[in-house]
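The structure appears right after this line, and notes come after that.
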Amino acid sequence: MTHILAIDQGTTSSRAIIFDASMNITASAQEEFAQHYPDSGWVEHDPGDLWATTAGTCRAAIEKAGLKPEDIAAIGITNQRETVVVWDKTSGQPVYNAIVWQDRRTAAYCKTLRDEGHDKMITARTGLLADPYFSATKLKWILDNVEGARDRATRGELLFGTVDTFLIWKLTGGAAHVTDATNAARTSLYDIHKGRWSQTICALFDIPQQMLPEVKDCAADFGVTRSDLFGRPVPILGVAGDQQAATIGQACFEPGMLKSTYGTGCFALLNTGDTAVASSNRLLTTIAYQFDGKPTYALEGSIFVAGAVVQWLRDGLQTIRKASETQAMAERADPNQNVVLVPAFVGLGAPYWDAECRGAVFGLTRNSGPDEFARAALESVGYQTRDLLDAMTADWQGSDVRATLRVDGGMSASDWAMQFLSDIIDAPVDRPKVLETTALGAAWLAGQRAGLYPDQAGFAASWALEKTFAPQMDAALRDRKYAAWKRAVDATLRF
């Protein structure tokens, strides 16, 4: 047993990655699935698609790697967070589509929660906001709107899970109804201080606690797969939500260590050690990982549009054919043009949390063209990251959160974007050799539990740097550019 199978179940596709005994990738497979938009602001997945693409990519990756069933020592799972699945305990059939983390159908209910003053209690216990982003209101919606669902849940006939829980249920043939602390911490039902489901919040949302999964450490025994899936039973030994898995994959194990993942959106997590820091700047307080029953906490900032701004250049403006073109365009852009893009296509995330505002462009002249738009698009990601780091610095007083920022995700491959990021935050930006940090984090959780991979200290020592981007921008220019960004955001919020 020399390999680890990492399952990375994401928002638009399912992936399976095989890691060898030295934590090198030997094979992978990926399959996209359909997105469903039944109403304005609604986003759903067919749970059957989540399962079929996961099982299919696992088999494909194992076949590509040329492995036998006995070669797989363990499975690690990482997943899109907050997405909700409810299914029948006996048949395993979902009662409704999975409601995705992006879904905003419960916005009016969340406003009612805030108006009635429940948001402070929710934040105090869970570290989260009263926002449709999180699982609790989605689960309540299913129980309230699917015929018979609430009665069946009360009778103990239905089960709830985030995507990891649903996949483990399917992988084990219904033998395990479990989750890990990082996924539980994103539901708005879990008390991150007491380490258990909150009776008070479950009562507020009218959620029967019997439908909630058992919560385990990130590295634990989550069950074994059905023998018919991969030729033999394989233990599932590691689970973490995608951004927490990336934090682990980046070896951000010490307080003050910070990572930022640049995909469709951007998620920055700051390790705050054994202290759950309450944010005064609308960041999220969450669990970074949990070992041996002891949680390590983090401050998290979420940006809704990062890599998606480049997709907008390609699909919306149609000024590029592929993302890699933006680097040369940004280099060609007229330095005397001060175009600022606020990419609030779906609102603004942390620290603003305004779901209603929309994107805007400032500083246009007759000479502004595709190159200036490309530069403004890449710069917007750096500006938003600085917003997060400023908020983190204010929340975690006395600590330098800008010592070094570790980056990963598709957009981190852009040298221009990473150099601008370093310039605007005035701190070094480290890009690792292994950019598949999310899958690596899940693989390490399972591998070290299986005895195949090194312990935490050994894994941290194995983290390898590909390139450091150091600040080069003049301080006065940095201040002028960021001040222009802040004015642009203020105008966007007031529009």
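Numbers here mean position along the shown chain, with the first residue as 1.
Backbone N, Cα and C define each Cβ position, glycine as well.
Just one of THR2, THR11, THR319, THR326 is listed by Swiss-Prot for the same sn-glycerol 3-phosphate site as ARG81, GLU82, TYR133, ASP242, and that one is THR11. The shortest Cα-Cα distance from GLU82 (sn-glycerol 3-phosphate binding site) to any of the binding-site residues (THR11, SER13, ARG15, GLN311) is found for THR11. Between the CA atoms of ARG15 (ADP binding site) and GLN311 (ATP binding site) there is a gap of 21 Å.
Take the binding-site residues ARG15, ARG81: by the count of other Cβ atoms within 10 Å of each Cβ, the lowest one is ARG15.
Long-range C-beta contacts of THR11 (ATP binding site), restricted to its own chain and to partners at least six residues apart, with a cutoff below 8 Å, comprise GLN80, THR83, VAL100, TRP101, GLN102, THR264. Excluding THR11, THR12, SER13, THR264, GLY307, GLN311, GLY410, which define the ATP site, the same chain contributes GLY10, GLY263, ALA308 within 8 Å (Cβ to the Cβ centroid), listed in sequence order. In sequence order, GLN80, TRP101, ARG186, GLY241, PHE267 are the residues of the same chain, not among ARG81, GLU82, TYR133, ASP242, GLN243, whose CB sits within 8 A of the CB centroid for the glycerol site.
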